[in-house]
Amino acid sequence: MKTLLLTLVVVTIVCLDLAYTRKCYKTHPYKSEPCAPGENLCYTKTWCDFRCSQLGKAVELGCAATCPTTKPYEEVTCCSTDDCNRFPNWERPRPRPRGLLSSIMDHP
């Protein structure tokens, strides 16, 4: 009887995933997905590229074992709870007016 009980316990442990897997938002496509084993941090990386003035900052979301290092023009935030790296909610830059009126507005 003890052998049967021990066998059931071992089978249960093998079949169940007892290790917790962090879930983070990832880009391309933007959705929440489980992270790979050992990756327990979510990160949000933002930077300006050539489209920054029209579309706003570029954004990369993902999982990491350690918080990614940044380049001088990048900003990175890391967090350690499920889905804590939502897409940043900021206003897109407004296009500047063009034409004669814009030159008047530029010099009040």
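Please read every residue number as a count from 1 along the shown chain.
Every residue gets a Cβ built from N, Cα and C, even glycine.
Since the structure is predicted, the reported quantities are computational estimates derived from the model, not experimental observations.
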Swiss-Prot annotation: CYS84 disulfide-bonded to which of CYS78, CYS79? CYS79
Candidate cysteine (CYS42, CYS48) that Swiss-Prot pairs with CYS24 in a disulfide: CYS42
Among CYS35, CYS42, CYS67, which are recorded as disulfide-bonded residues, the nearest neighbour of CYS84 (disulfide bond) by Cα: CYS42
Restricting the comparison to the disulfide-bonded residues CYS24, CYS48, CYS52, CYS78, CYS79, which residue's C-alpha is spatially nearest the C-alpha of CYS63 (disulfide bond)? CYS24
